[in-house]
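Peer 1: When I checked TrEMBL for this same protein, it listed these features:
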- 23-49: transmembrane segment (TRANSMEM)
- 55-75: transmembrane segment (TRANSMEM)
- 87-105: transmembrane segment (TRANSMEM)
- 111-129: transmembrane segment (TRANSMEM)
- 136-157: transmembrane segment (TRANSMEM)
- 177-194: transmembrane segment (TRANSMEM)
- 201-226: transmembrane segment (TRANSMEM)
- 246-270: transmembrane segment (TRANSMEM)
- 326-347: transmembrane segment (TRANSMEM)
- 353-373: transmembrane segment (TRANSMEM)
- 385-404: transmembrane segment (TRANSMEM)
- 410-433: transmembrane segment (TRANSMEM)
(Lines of atoms letter the chains of each structure in order from A and count residues from 1; the text may use other names and numbers.)
(Lines give C-alpha, C1' and ligand atoms only; values in the text may rest on other atoms or scores of the structure.)
Protein backbone atom coordinates (compact mmCIF):
# COMPACT_ATOMS: atom_id res chain seq x y z
CA UNK A 1 0.00 0.00 0.00
CA UNK A 2 1.00 3.57 -0.60
CA UNK A 3 0.60 4.53 2.97
CA UNK A 4 3.31 2.54 4.62
CA UNK A 5 3.23 0.51 7.77
CA UNK A 6 2.34 1.44 11.29
CA UNK A 7 5.22 1.82 13.68
CA UNK A 8 4.90 -0.52 16.62
CA UNK A 9 5.37 0.36 20.26
CA UNK A 10 7.17 -1.62 22.94
CA UNK A 11 5.51 -5.04 22.98
CA UNK A 12 2.88 -5.91 25.60
CA UNK A 13 2.45 -9.56 26.55
CA UNK A 14 -1.21 -10.50 26.07
CA UNK A 15 -0.68 -13.80 27.91
CA UNK A 16 1.13 -12.35 30.94
CA UNK A 17 0.59 -14.22 34.21
CA UNK A 18 -0.59 -11.80 36.89
CA UNK A 19 -1.45 -12.28 40.59
CA UNK A 20 -5.17 -12.59 41.25
CA UNK A 21 -5.45 -9.32 43.18
CA UNK A 22 -3.98 -7.40 40.23
CA UNK A 23 -6.25 -9.20 37.73
CA UNK A 24 -9.28 -8.35 39.89
CA UNK A 25 -8.30 -4.69 40.31
CA UNK A 26 -7.65 -4.24 36.59
CA UNK A 27 -10.89 -6.07 35.80
CA UNK A 28 -12.84 -3.65 38.01
CA UNK A 29 -11.09 -0.74 36.28
CA UNK A 30 -12.23 -2.04 32.88
CA UNK A 31 -15.80 -2.49 34.17
CA UNK A 32 -15.98 1.05 35.53
CA UNK A 33 -14.71 2.35 32.20
CA UNK A 34 -17.18 0.51 29.96
CA UNK A 35 -20.18 0.90 32.28
CA UNK A 36 -21.18 4.59 31.80
CA UNK A 37 -21.16 4.45 28.00
CA UNK A 38 -22.90 1.09 27.87
CA UNK A 39 -25.85 1.95 30.12
CA UNK A 40 -26.36 5.24 28.27
CA UNK A 41 -27.82 3.34 25.30
CA UNK A 42 -30.69 1.61 27.18
CA UNK A 43 -31.35 4.79 29.18
CA UNK A 44 -31.70 6.93 26.04
CA UNK A 45 -33.79 4.33 24.22
CA UNK A 46 -36.08 3.76 27.21
CA UNK A 47 -36.60 7.49 27.58
CA UNK A 48 -37.38 7.95 23.86
CA UNK A 49 -39.91 5.10 23.94
CA UNK A 50 -41.39 6.29 27.28
CA UNK A 51 -40.73 3.05 29.19
CA UNK A 52 -41.41 2.82 32.91
CA UNK A 53 -38.67 2.35 35.53
CA UNK A 54 -39.11 -1.43 35.69
CA UNK A 55 -38.66 -1.97 31.94
CA UNK A 56 -35.73 0.44 31.92
CA UNK A 57 -34.05 -1.65 34.63
CA UNK A 58 -34.69 -4.80 32.56
CA UNK A 59 -32.91 -3.20 29.61
CA UNK A 60 -29.95 -2.03 31.71
CA UNK A 61 -29.33 -5.44 33.30
CA UNK A 62 -29.82 -7.15 29.92
CA UNK A 63 -27.24 -4.82 28.40
CA UNK A 64 -24.73 -5.71 31.12
CA UNK A 65 -25.40 -9.40 30.47
CA UNK A 66 -24.88 -9.01 26.72
CA UNK A 67 -21.72 -6.94 27.28
CA UNK A 68 -20.29 -9.72 29.46
CA UNK A 69 -21.12 -12.48 26.96
CA UNK A 70 -19.97 -10.59 23.84
CA UNK A 71 -16.73 -9.50 25.51
CA UNK A 72 -15.99 -13.06 26.62
CA UNK A 73 -16.65 -14.36 23.08
CA UNK A 74 -14.21 -11.78 21.72
CA UNK A 75 -11.38 -12.38 24.20
CA UNK A 76 -11.76 -16.15 24.64
CA UNK A 77 -13.09 -17.13 21.22
CA UNK A 78 -15.35 -19.97 20.15
CA UNK A 79 -13.41 -22.54 18.18
CA UNK A 80 -10.99 -21.20 15.58
CA UNK A 81 -13.24 -18.81 13.66
CA UNK A 82 -15.36 -16.81 16.14
CA UNK A 83 -13.69 -14.15 18.28
CA UNK A 84 -10.30 -12.47 17.85
CA UNK A 85 -8.92 -13.75 21.19
CA UNK A 86 -7.62 -10.24 21.86
CA UNK A 87 -8.07 -8.13 25.04
CA UNK A 88 -11.00 -6.09 23.72
CA UNK A 89 -14.12 -4.98 25.62
CA UNK A 90 -17.38 -4.70 23.69
CA UNK A 91 -20.26 -2.59 24.98
CA UNK A 92 -23.56 -1.26 23.64
CA UNK A 93 -23.00 0.82 20.49
CA UNK A 94 -24.28 4.34 19.92
CA UNK A 95 -24.29 4.20 16.10
CA UNK A 96 -27.52 2.13 15.79
CA UNK A 97 -29.33 4.13 18.52
CA UNK A 98 -31.14 6.49 16.12
CA UNK A 99 -32.58 3.71 13.93
CA UNK A 100 -33.55 1.71 17.04
CA UNK A 101 -35.60 4.67 18.30
CA UNK A 102 -37.14 5.15 14.84
CA UNK A 103 -38.05 1.45 14.56
CA UNK A 104 -39.51 1.42 18.07
CA UNK A 105 -41.69 4.47 17.38
CA UNK A 106 -42.85 3.22 13.96
CA UNK A 107 -43.40 -0.43 14.90
CA UNK A 108 -42.77 -1.68 18.46
CA UNK A 109 -40.05 -2.98 20.79
CA UNK A 110 -40.10 -6.59 19.44
CA UNK A 111 -39.38 -5.11 15.99
CA UNK A 112 -36.22 -3.50 17.41
CA UNK A 113 -34.87 -6.81 18.66
CA UNK A 114 -35.95 -8.56 15.45
CA UNK A 115 -33.90 -6.02 13.49
CA UNK A 116 -30.93 -6.52 15.82
CA UNK A 117 -31.04 -10.31 15.45
CA UNK A 118 -31.66 -10.16 11.69
CA UNK A 119 -28.85 -7.68 11.03
CA UNK A 120 -26.54 -9.74 13.26
CA UNK A 121 -27.22 -12.81 11.11
CA UNK A 122 -26.51 -10.81 7.93
CA UNK A 123 -23.24 -9.41 9.32
CA UNK A 124 -22.21 -12.88 10.50
CA UNK A 125 -22.71 -14.17 6.95
CA UNK A 126 -20.84 -11.22 5.43
CA UNK A 127 -17.88 -11.84 7.75
CA UNK A 128 -16.94 -14.88 5.64
CA UNK A 129 -16.19 -12.48 2.76
CA UNK A 130 -14.46 -9.89 4.93
CA UNK A 131 -10.95 -10.75 3.70
CA UNK A 132 -11.72 -8.88 0.48
CA UNK A 133 -12.80 -5.83 2.48
CA UNK A 134 -9.76 -5.50 4.78
CA UNK A 135 -7.53 -4.07 2.03
CA UNK A 136 -9.81 -1.02 1.81
CA UNK A 137 -8.77 0.02 5.35
CA UNK A 138 -5.06 0.94 5.16
CA UNK A 139 -3.45 2.99 7.98
CA UNK A 140 -4.42 6.36 6.45
CA UNK A 141 -8.11 5.36 6.61
CA UNK A 142 -7.94 3.70 10.02
CA UNK A 143 -5.78 6.47 11.49
CA UNK A 144 -8.32 9.10 10.43
CA UNK A 145 -11.11 6.99 11.93
CA UNK A 146 -9.37 6.41 15.28
CA UNK A 147 -8.45 10.10 15.55
CA UNK A 148 -12.01 11.24 14.96
CA UNK A 149 -13.29 8.80 17.60
CA UNK A 150 -11.26 10.67 20.22
CA UNK A 151 -12.28 14.08 18.85
CA UNK A 152 -16.01 13.28 18.76
CA UNK A 153 -15.97 11.73 22.23
CA UNK A 154 -14.29 14.72 23.89
CA UNK A 155 -17.52 16.80 24.10
CA UNK A 156 -19.19 13.90 25.93
CA UNK A 157 -16.43 13.96 28.55
CA UNK A 158 -16.75 17.75 28.91
CA UNK A 159 -20.52 17.45 29.31
CA UNK A 160 -20.00 15.00 32.17
CA UNK A 161 -17.29 17.23 33.60
CA UNK A 162 -19.79 20.08 33.84
CA UNK A 163 -22.47 17.93 35.48
CA UNK A 164 -24.07 15.59 32.94
CA UNK A 165 -26.73 17.39 30.90
CA UNK A 166 -27.30 21.08 30.28
CA UNK A 167 -30.68 20.82 32.00
CA UNK A 168 -29.10 19.47 35.20
CA UNK A 169 -29.62 21.70 38.25
CA UNK A 170 -25.94 22.41 38.91
CA UNK A 171 -24.63 22.09 35.34
CA UNK A 172 -21.45 24.14 34.95
CA UNK A 173 -21.07 24.68 38.69
CA UNK A 174 -17.40 25.43 39.57
CA UNK A 175 -17.54 22.51 42.06
CA UNK A 176 -18.20 20.11 39.18
CA UNK A 177 -15.34 21.48 37.11
CA UNK A 178 -12.94 21.44 40.06
CA UNK A 179 -13.83 17.85 40.95
CA UNK A 180 -13.57 16.56 37.38
CA UNK A 181 -10.30 18.32 36.61
CA UNK A 182 -8.86 17.07 39.92
CA UNK A 183 -9.65 13.50 38.87
CA UNK A 184 -7.97 14.13 35.51
CA UNK A 185 -4.90 15.56 37.28
CA UNK A 186 -4.69 12.58 39.66
CA UNK A 187 -4.80 10.14 36.72
CA UNK A 188 -2.11 12.07 34.83
CA UNK A 189 0.19 12.31 37.87
CA UNK A 190 -0.17 8.60 38.70
CA UNK A 191 0.38 7.61 35.05
CA UNK A 192 3.57 9.68 34.86
CA UNK A 193 5.16 9.41 38.33
CA UNK A 194 3.72 6.31 40.04
CA UNK A 195 5.15 2.82 39.65
CA UNK A 196 3.93 -0.75 39.72
CA UNK A 197 0.32 -1.52 40.53
CA UNK A 198 -0.50 2.07 41.55
CA UNK A 199 0.43 3.26 38.06
CA UNK A 200 -1.53 0.42 36.46
CA UNK A 201 -4.67 1.37 38.39
CA UNK A 202 -4.50 5.13 37.78
CA UNK A 203 -8.04 5.28 36.34
CA UNK A 204 -9.57 3.22 39.16
CA UNK A 205 -7.78 5.24 41.85
CA UNK A 206 -8.89 8.47 40.20
CA UNK A 207 -12.52 7.29 40.18
CA UNK A 208 -12.40 6.20 43.84
CA UNK A 209 -10.69 9.38 45.08
CA UNK A 210 -13.06 11.52 43.03
CA UNK A 211 -16.15 9.73 44.35
CA UNK A 212 -14.98 10.11 47.96
CA UNK A 213 -14.15 13.78 47.37
CA UNK A 214 -17.68 14.28 46.00
CA UNK A 215 -19.23 13.50 49.42
CA UNK A 216 -18.33 16.77 51.22
CA UNK A 217 -19.20 18.67 48.03
CA UNK A 218 -22.71 17.21 48.13
CA UNK A 219 -22.32 15.62 44.69
CA UNK A 220 -22.81 11.95 45.65
CA UNK A 221 -26.41 10.69 45.51
CA UNK A 222 -27.07 7.05 46.48
CA UNK A 223 -30.88 7.24 46.23
CA UNK A 224 -31.03 5.06 43.10
CA UNK A 225 -29.19 2.26 44.88
CA UNK A 226 -31.55 2.28 47.87
CA UNK A 227 -34.62 1.44 45.77
CA UNK A 228 -33.02 -1.19 43.52
CA UNK A 229 -33.59 -4.92 44.07
CA UNK A 230 -30.74 -7.31 44.84
CA UNK A 231 -31.53 -9.93 42.19
CA UNK A 232 -33.30 -10.05 38.83
CA UNK A 233 -33.07 -13.01 36.41
CA UNK A 234 -32.10 -12.34 32.78
CA UNK A 235 -34.84 -13.78 30.56
CA UNK A 236 -34.74 -14.05 26.75
CA UNK A 237 -37.46 -12.31 24.72
CA UNK A 238 -38.70 -10.38 27.77
CA UNK A 239 -40.49 -7.90 25.48
CA UNK A 240 -42.17 -10.60 23.39
CA UNK A 241 -41.29 -12.69 20.35
CA UNK A 242 -39.05 -10.66 17.97
CA UNK A 243 -40.73 -9.29 14.85
CA UNK A 244 -38.68 -9.45 11.66
CA UNK A 245 -39.45 -6.50 9.42
CA UNK A 246 -37.29 -6.47 6.28
CA UNK A 247 -37.02 -2.68 6.07
CA UNK A 248 -36.05 -2.40 9.74
CA UNK A 249 -33.45 -5.18 9.37
CA UNK A 250 -31.81 -3.52 6.35
CA UNK A 251 -31.64 -0.12 8.08
CA UNK A 252 -30.16 -1.72 11.20
CA UNK A 253 -27.60 -3.62 9.09
CA UNK A 254 -26.47 -0.38 7.47
CA UNK A 255 -25.87 1.33 10.80
CA UNK A 256 -24.24 -1.73 12.37
CA UNK A 257 -21.67 -1.62 9.58
CA UNK A 258 -20.30 1.42 11.41
CA UNK A 259 -19.51 -0.91 14.33
CA UNK A 260 -17.66 -3.18 11.91
CA UNK A 261 -15.56 -0.25 10.67
CA UNK A 262 -14.91 0.74 14.29
CA UNK A 263 -13.68 -2.80 14.89
CA UNK A 264 -10.93 -2.27 12.29
CA UNK A 265 -9.97 0.92 14.10
CA UNK A 266 -9.80 -0.93 17.43
CA UNK A 267 -7.46 -3.57 16.01
CA UNK A 268 -5.10 -0.88 14.75
CA UNK A 269 -5.33 1.04 18.03
CA UNK A 270 -4.46 -2.13 19.97
CA UNK A 271 -1.58 -2.87 17.59
CA UNK A 272 -0.25 0.65 18.14
CA UNK A 273 -0.54 0.29 21.93
CA UNK A 274 0.69 -3.29 22.28
CA UNK A 275 3.46 -3.24 19.66
CA UNK A 276 2.02 -6.11 17.65
CA UNK A 277 0.31 -6.80 14.33
CA UNK A 278 -3.15 -8.35 14.25
CA UNK A 279 -3.47 -10.80 11.38
CA UNK A 280 -6.23 -10.42 8.80
CA UNK A 281 -7.75 -13.69 10.00
CA UNK A 282 -7.85 -12.44 13.59
CA UNK A 283 -9.62 -9.30 12.43
CA UNK A 284 -12.19 -11.33 10.52
CA UNK A 285 -12.70 -13.63 13.52
CA UNK A 286 -13.20 -10.55 15.70
CA UNK A 287 -15.86 -9.11 13.39
CA UNK A 288 -17.54 -12.51 13.27
CA UNK A 289 -17.47 -12.69 17.08
CA UNK A 290 -19.02 -9.23 17.30
CA UNK A 291 -21.82 -10.27 14.91
CA UNK A 292 -22.42 -13.51 16.83
CA UNK A 293 -22.59 -11.53 20.07
CA UNK A 294 -25.14 -9.20 18.45
CA UNK A 295 -27.43 -12.15 17.70
CA UNK A 296 -27.23 -13.27 21.33
CA UNK A 297 -27.78 -9.69 22.53
CA UNK A 298 -30.96 -9.37 20.47
CA UNK A 299 -32.31 -12.59 21.98
CA UNK A 300 -31.65 -11.27 25.51
CA UNK A 301 -33.23 -7.81 25.07
CA UNK A 302 -29.98 -6.00 24.39
CA UNK A 303 -28.26 -4.12 21.60
CA UNK A 304 -25.52 -4.25 18.94
CA UNK A 305 -22.05 -3.84 20.38
CA UNK A 306 -18.91 -1.97 19.43
CA UNK A 307 -15.35 -2.17 20.69
CA UNK A 308 -14.72 0.35 23.46
CA UNK A 309 -11.51 2.18 22.63
CA UNK A 310 -11.54 3.61 26.16
CA UNK A 311 -10.57 0.17 27.45
CA UNK A 312 -7.67 -0.02 25.01
CA UNK A 313 -6.74 3.36 26.46
CA UNK A 314 -6.49 1.65 29.86
CA UNK A 315 -4.06 -0.86 28.35
CA UNK A 316 -2.02 2.06 26.97
CA UNK A 317 -1.88 3.80 30.35
CA UNK A 318 -1.27 0.69 32.47
CA UNK A 319 0.93 -1.17 29.92
CA UNK A 320 -0.93 -4.35 30.87
CA UNK A 321 -2.99 -6.08 28.21
CA UNK A 322 -3.31 -9.57 29.64
CA UNK A 323 -6.40 -11.39 28.40
CA UNK A 324 -7.05 -12.55 31.95
CA UNK A 325 -7.95 -8.99 33.00
CA UNK A 326 -10.65 -8.73 30.30
CA UNK A 327 -12.01 -12.18 31.18
CA UNK A 328 -12.21 -11.01 34.79
CA UNK A 329 -14.07 -7.87 33.68
CA UNK A 330 -16.47 -10.07 31.73
CA UNK A 331 -17.13 -12.21 34.82
CA UNK A 332 -17.76 -9.11 36.97
CA UNK A 333 -20.17 -7.72 34.37
CA UNK A 334 -22.01 -11.05 34.30
CA UNK A 335 -22.44 -11.03 38.10
CA UNK A 336 -23.53 -7.38 38.09
CA UNK A 337 -26.10 -8.05 35.36
CA UNK A 338 -28.17 -10.17 37.76
CA UNK A 339 -28.19 -7.45 40.44
CA UNK A 340 -29.90 -4.10 39.74
CA UNK A 341 -28.52 -2.88 43.08
CA UNK A 342 -24.91 -3.33 41.98
CA UNK A 343 -25.74 -1.76 38.60
CA UNK A 344 -27.19 1.27 40.34
CA UNK A 345 -24.12 1.54 42.61
CA UNK A 346 -21.91 2.23 39.61
CA UNK A 347 -24.44 4.67 38.16
CA UNK A 348 -24.08 6.69 41.38
CA UNK A 349 -20.52 7.73 40.49
CA UNK A 350 -20.82 11.52 40.02
CA UNK A 351 -20.80 12.74 36.42
CA UNK A 352 -17.85 15.13 36.93
CA UNK A 353 -15.75 12.21 38.18
CA UNK A 354 -16.61 10.18 35.07
CA UNK A 355 -15.89 13.22 32.90
CA UNK A 356 -12.41 13.68 34.35
CA UNK A 357 -11.55 9.99 33.88
CA UNK A 358 -12.91 9.78 30.34
CA UNK A 359 -11.04 12.92 29.28
CA UNK A 360 -7.80 11.07 30.01
CA UNK A 361 -8.97 8.02 28.06
CA UNK A 362 -10.31 9.93 25.06
CA UNK A 363 -7.01 11.80 24.91
CA UNK A 364 -5.13 8.51 24.53
CA UNK A 365 -7.48 7.49 21.70
CA UNK A 366 -6.80 10.72 19.79
CA UNK A 367 -3.06 10.36 20.41
CA UNK A 368 -3.13 6.77 19.10
CA UNK A 369 -4.87 7.91 15.92
CA UNK A 370 -2.28 10.65 15.41
CA UNK A 371 0.49 8.10 16.04
CA UNK A 372 -0.94 5.82 13.32
CA UNK A 373 -1.16 8.79 10.93
CA UNK A 374 2.39 9.93 11.74
CA UNK A 375 3.76 6.67 10.32
CA UNK A 376 1.79 6.96 7.06
CA UNK A 377 3.82 7.78 3.95
CA UNK A 378 2.70 11.11 2.46
CA UNK A 379 5.32 11.22 -0.33
CA UNK A 380 4.52 10.43 -3.96
CA UNK A 381 0.87 9.67 -3.19
CA UNK A 382 -2.32 11.49 -2.29
CA UNK A 383 -2.67 10.43 1.34
CA UNK A 384 -2.72 14.05 2.54
CA UNK A 385 -5.83 14.65 0.40
CA UNK A 386 -7.50 11.52 1.79
CA UNK A 387 -6.71 12.47 5.38
CA UNK A 388 -7.47 16.19 5.22
CA UNK A 389 -10.72 15.93 3.30
CA UNK A 390 -12.14 12.96 5.24
CA UNK A 391 -11.30 14.57 8.61
CA UNK A 392 -12.88 17.88 7.57
CA UNK A 393 -16.03 16.09 6.40
CA UNK A 394 -16.21 13.92 9.53
CA UNK A 395 -15.71 16.74 12.03
CA UNK A 396 -18.10 19.02 10.15
CA UNK A 397 -20.81 16.36 9.91
CA UNK A 398 -20.48 15.45 13.58
CA UNK A 399 -20.85 18.99 14.90
CA UNK A 400 -23.29 20.37 12.30
CA UNK A 401 -25.95 17.66 12.17
CA UNK A 402 -28.61 20.26 11.33
CA UNK A 403 -27.14 20.48 7.82
CA UNK A 404 -28.80 17.17 6.93
CA UNK A 405 -32.25 17.66 8.49
CA UNK A 406 -34.04 18.03 5.13
CA UNK A 407 -32.63 14.81 3.67
CA UNK A 408 -34.50 11.46 3.78
CA UNK A 409 -34.49 10.03 7.32
CA UNK A 410 -32.01 7.17 6.80
CA UNK A 411 -29.58 9.35 4.81
CA UNK A 412 -29.85 12.12 7.40
CA UNK A 413 -29.04 9.70 10.25
CA UNK A 414 -26.02 8.31 8.39
CA UNK A 415 -24.55 11.66 7.34
CA UNK A 416 -25.06 13.09 10.83
CA UNK A 417 -22.70 10.42 12.19
CA UNK A 418 -19.14 11.75 12.01
CA UNK A 419 -17.64 8.26 12.33
CA UNK A 420 -19.58 7.00 9.31
CA UNK A 421 -18.72 10.08 7.25
CA UNK A 422 -14.97 9.99 7.93
CA UNK A 423 -14.76 6.22 7.27
CA UNK A 424 -16.91 6.30 4.12
CA UNK A 425 -15.22 9.38 2.65
CA UNK A 426 -11.70 8.12 3.47
CA UNK A 427 -12.34 4.74 1.81
CA UNK A 428 -13.87 6.32 -1.32
CA UNK A 429 -11.21 9.04 -1.59
CA UNK A 430 -8.41 6.50 -1.11
CA UNK A 431 -9.88 4.36 -3.88
CA UNK A 432 -10.09 7.34 -6.23
CA UNK A 433 -6.80 9.16 -5.62
CA UNK A 434 -4.61 6.16 -4.66
CA UNK A 435 -6.11 3.70 -7.13
CA UNK A 436 -2.66 2.63 -8.34
CA UNK A 437 -2.01 0.92 -4.99
CA UNK A 438 -5.11 -1.25 -5.52
CA UNK A 439 -4.76 -2.00 -9.23
CA UNK A 440 -1.03 -1.73 -10.03
CA UNK A 441 -0.99 -4.32 -12.83
CA UNK A 442 -3.91 -2.81 -14.70
CA UNK A 443 -2.33 0.66 -14.54
CA UNK A 444 1.02 -0.65 -15.82
CA UNK A 445 -0.61 -2.56 -18.71
CA UNK A 446 -2.59 0.47 -19.82
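Cβ from N, Cα, C; glycine included.
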Peer 1: Quick test of the contact rule: Cβ under 8 Å, at least six residues beyond the ends. What residues does that give for the transmembrane segment (326-347)?
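Peer 2: Hits for the transmembrane segment (326-347): 23-24, 26-28, 30-32, 34-36, 39, 57, 60-62, 64-65, 67-69, 71-72, 75-76, 87-89, 222, 224-225, 228-234, 311.
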Peer 1: Can you work out whether the transmembrane segment (385-404) touches the transmembrane segment (136-157), with the criterion being 3+ CB pairs under 8 Å where the paired residues are 6 or more apart along the chain?
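Peer 2: Per Cβ check, the transmembrane segment (385-404) touches the transmembrane segment (136-157).
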Peer 1: Which sequence positions outside the transmembrane segment (23-49), separated from its termini by at least 6 residues, show Cβ-Cβ distances below 8 Å to it?
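Peer 2: For the transmembrane segment (23-49), the nonlocal Cβ contacts are 55-56, 59-60, 62-64, 67, 89, 91-94, 97, 100-101, 104-105, 109, 160, 197, 200-201, 203-204, 207, 302-303, 308, 310-311, 313-314, 318, 320, 322, 324-329, 331-333, 336, 343, 346-347, 349, 354, 357-358, 361.
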Peer 1: Which sequence positions outside the transmembrane segment (353-373), separated from its termini by at least 6 residues, show Cβ-Cβ distances below 8 Å to it?
Peer 2: 6-7, 33, 36, 139-140, 142-151, 153-154, 156-162, 179-184, 187-188, 191, 203, 206-207, 210-211, 214, 268-269, 272-273, 309-310, 312-314, 316-317, 387
Peer 1: With contact taken as 3 or more Cβ pairs under 8 angstroms (pairs 6 or more apart in sequence), are the transmembrane segment (410-433) and the transmembrane segment (55-75) in contact?
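Peer 2: Result for the transmembrane segment (410-433) with the transmembrane segment (55-75) is no.
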Peer 1: Six or more residues out from either end of the transmembrane segment (246-270), which same-chain residues have a Cβ under 8 Å from its Cβ atoms?
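Peer 2: Distant contacts of the transmembrane segment (246-270): 6, 84, 86-88, 93, 95-96, 98-100, 102-103, 107, 111-112, 114-116, 118-120, 122-123, 134, 137, 139, 142-143, 145-146, 149, 276, 278, 282-283, 286-287, 290, 294, 304-307, 309, 312, 315, 321, 365, 368-369, 372, 410, 413-414, 417, 419-420, 423.
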Peer 1: Is the transmembrane segment (177-194) packed against any residues at least 6 beyond its ends, judged by a Cβ distance under 8 Å, and which are they?
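Peer 2: Those are 160-162, 202-203, 205-207, 209-210, 213-214, 217, 219, 317, 350, 352-353, 355-357, 359-360, in sequence order.
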